[in-house]
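This report refers to the structure that appears directly beneath it.
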Amino acid sequence: MSQSYDRGLVEDFGRWQEFSAGMWAWIFHKFTGWVLIGYLFTHVAVLSTATVDAATYTQTLQGLESLLVVRFLEVGLLAVAVFHILNGIRLLFVDLGVGLEAQDKAFYAALIVTAAITVASIPTFLMGAF
């Protein structure tokens, strides 16, 4: 006979406000990792049109680049990739024992650098879209 696990109050949704920077770094790293995996499948699907012929591949790329939403998704992809890389480097240093006392600061620095790179790249990605 098994007993069910008592998880306590399910409606205790306010716990996320108590998360530390390390928990947010873990959540964002997992989320960005899944987004990058999803992008990888999409990227392979688009590249597979090149196996048909060059004209189909060119037509697919031109069709995607003409959509404004794709331009914004590219900016989001850059933000996801930059954060994932910077947080991965932060985790590498933490695993090596470097900067253990400054983990929170390193996480916030990764967020700030990601935001700066993303904002600086917006004109490049949206050039010619309007």
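Please read every residue number as a count from 1 along the shown chain.
Each residue, glycine too, has its Cβ placed from N, Cα and C.
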Per Swiss-Prot, Met23 and Leu100 on one membrane face: yes
Tally the residues of the topological domain 'Extracellular' (47-71) by DSSP class, grouping H, G and I as helix, E and B as strand, and everything else as coil. 21 helix, 0 strand, 4 coil
So what sits near His84 (heme binding site) in its own chain, CB-to-CB under 8 Å and at least six residues off in sequence? His29, Thr32, Gly33, Leu36
Residues of the parent chain within Cβ reach of the topological domain 'Cytoplasmic' (94-103), under 8 Å, 6 or more residues beyond its termini: 21-22, 25
